[in-house]
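Trainee: One structure, pasted below without further comment.
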Amino acid sequence: MGSSSTEKAEVSRVEDASQNTADDGLRDHPKTWSRTLKAMVLANLCFMAGISSGLIALVQDFHSDFHEASKIIAYCVLCLGLGAFLWIPTAVVIGKRPVLLASQIMFMAGCIWATQATSMNSLLGSRILGAMGAGAVQAVGPAVIGEIFFEKNYSKAMSAYTASLCIGAQGGPLIGGHLVEAKGWQWFFILLAILSAVNFCTLLFFCPETAFNIHIDTGATGADVDADILDHTTGLGRRQNSIRTWRQNSFYTRHPHVRGGGLRQWALSFLLQIEYTFDPIVILSAGMWGIVLAWVATISVICNQLFAAPPFLWGPSELGNWACTSLIGCLIAFPIAGPLTDMVSSYIGRRKGKHMPEYRLYTLIVPFMISSAGLLLFGYTYIKGSYVGPAVGYAMQAASLMLIPTAVLSYAIDSYPYDSSEVVALINAVTHLIPFGLTETASDWLMRVGVEKMFLQMAIIQWALLAGLSLILIIFGPWIRTKASFVHQRYGAKRFL
């Protein structure tokens with residue numbers, strides 16, 4: 001391995017796509033695209049992620065029945081996750097670009113339907129359709145990031161993507177609350193429909209296909225794949241043409257790196273997802289992300305019960321203003337999450353003399369310290385009549401929506417670089433199954449035990465899961481990864497792909 005400065009120079013040259021290659025195939029790998037082309041793809045994913053996550057933010061303000069409102073949110077969250085089971089096999093067969101375009105049309109149709117909804121069931125149906133469409137970017141997006149960025153930049157790119165999800169989900173109440181009071185609740189979905197139409201156009205022209213098939217040895221990490229690409233692409237030669245790369249991967253009849261295979265390939269890819277559902281890395285990573293997401297969603301469900309009732313008597317705009325404190329927490333965590341994960345991973349890798357995906361998980365100590373403390377602050381200050389303390393506590397909890405996904409998703413992509421689409425999609429799906437049951441019962445839980453006890457229970461559960469699951473992966477992760485890769489390769493659906 002060369003010196004640090006030499007390695008950085010090599011990576012920089014490859015990322016600028018200024019190299020001719022000994023291997024013509026790897027020279028066109030998306031990781032060697034220009035920074036401009038990579039930024040263009042990432043910007044589209046972030047735009048799509050932001051508006052897709054905004055669809056669940058305000059429905060609780062449309063109706064006075066807290067149980068019915070929580071049902072709409074719960075089913076939206078569920079369908080965001082379950083959509084991955086349909087979109088990932090479809091992306092394998094036809095490519096990620098067509099999937100993103102088709103799903104955006106579905107999301108836009110759901111938003112238009114919502115503007116015309118005249119009953120609770122009609123609104124629920126429109127939200128389910130929109131959530132199924134929105135699920136595509138949450139399943140495919142992280143996989144695309146893993147295909148175009150080098151391992152050393154995973155976390156930075158993932159933090160930008162995760163920030164977009166948080167801005168959409170946590171900023172929705174702020175925008176929507178004022179729209180509800182000024183124009184009526186339908187205007188929230190009119191705005192989403194307009195934004196989705198704009199995003200469809202940007203996807204059509206500025207989001208090329210990123211699929212690229214290369215042979216990866218069993219058990220190889222993202223760093224191993226990057227090293228192989230660098231070995232074959234570093235050297236003197238002509239500059240890769242970004243316009244040609246964009247044109248070839250945006251407008252084509254049959255992309256050379258999309259697997260195809262029709263219904264048989266779709267079924268095998270679907271079975272591969274089911275197989276990965278039981279992978280320990282998927283389950284444990286989803287458990288950490290899922291519990292944080294569940295408590296943020298739970299707070300969004302019960303905030304009406306807490307602040308629309310006496311003594312506060314808040315309307316939609318006041319609730320929106322208060323809820324934006326969670327957005328502040330996400331924005332504070334944004335510049336920290338990605339660079340911190342990459343920095344810690346690189347530092348430990350240099351000290352140990354080799355890179356391991358588990359090094360990314362050491363940064364989970366930060367959300368472990370602040371998120372549950374935020375829940376305790378929320379519960380104990382609310383019962384004293386404060387809304388400032390709960391706002392700060394909500395922001396502390398929401399900050400973990402930046403910190404935890406950045407760590408666990410980049411860890412998963414690094415652990416399974418070839419199957420990153422399936423792994424990330426399954427983490428996303430399992431993550432959204434956890435809030436489904438908890439948010440649907442949140443209102444009844446609050447009525448049964450009260451605010452103080454409810455938030456104490458939430459904090460204890462979260463502390464236990466974050467500590468236990470992260471330690472298991474840090475200590476036993478390499479062994480789990482090696483054994484799981486062997487099982488997938490020898491006995492799983494990959495034998496037939």
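The backbone N, Cα and C atoms fix where each Cβ goes, glycine too.
What TrEMBL records for 7-16 is compositional bias 'Basic and acidic residues'. Taken from TrEMBL, the feature domain 'Major facilitator superfamily (MFS) profile' applies to 1-497. According to TrEMBL, the region 'Disordered' annotation covers 1-28. What TrEMBL lists as transmembrane segment is 41-60, 72-92, 99-116, 128-150, 157-179, 185-206, 281-307, 319-340, 361-382, 394-413, 420-438, 458-480.
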Trainee: Most CB pairs under 8 Å with the transmembrane segment (420-438): which of 99-116, 281-307, 394-413?
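Mentor: By Cβ pairs under 8 Å, 281-307 leads among 99-116, 281-307, 394-413.
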Trainee: Which bits of the chain, at least 6 residues beyond where the transmembrane segment (458-480) starts or stops, bring a Cβ under 8 A of a Cβ in it?
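Mentor: Residues 280-281, 284-285, 287-288, 291-292, 295, 298, 356-358, 361-362, 364, 367-368, 371-373, 375-376, 379, 411, 415.
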Trainee: Could you give the residue numbers and ranges of same-chain residues that sit at least 6 residues beyond the transmembrane segment (319-340) on either side and whose C-beta is under 8 angstroms from one of its C-beta atoms?
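Mentor: Here the qualifying positions are 58, 61, 155-160, 162-163, 166-167, 170-171, 173-178, 296, 299-300, 303-304, 307-308, 363, 366, 387, 391-392, 394-403, 406-407.
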Trainee: Which one of these stretches, 99-116, 128-150, 185-206, 394-413, has the most C-beta pairs shorter than 8 Å to the transmembrane segment (157-179)?
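Mentor: Ranked by Cβ pairs under 8 Å, first place goes to 394-413.
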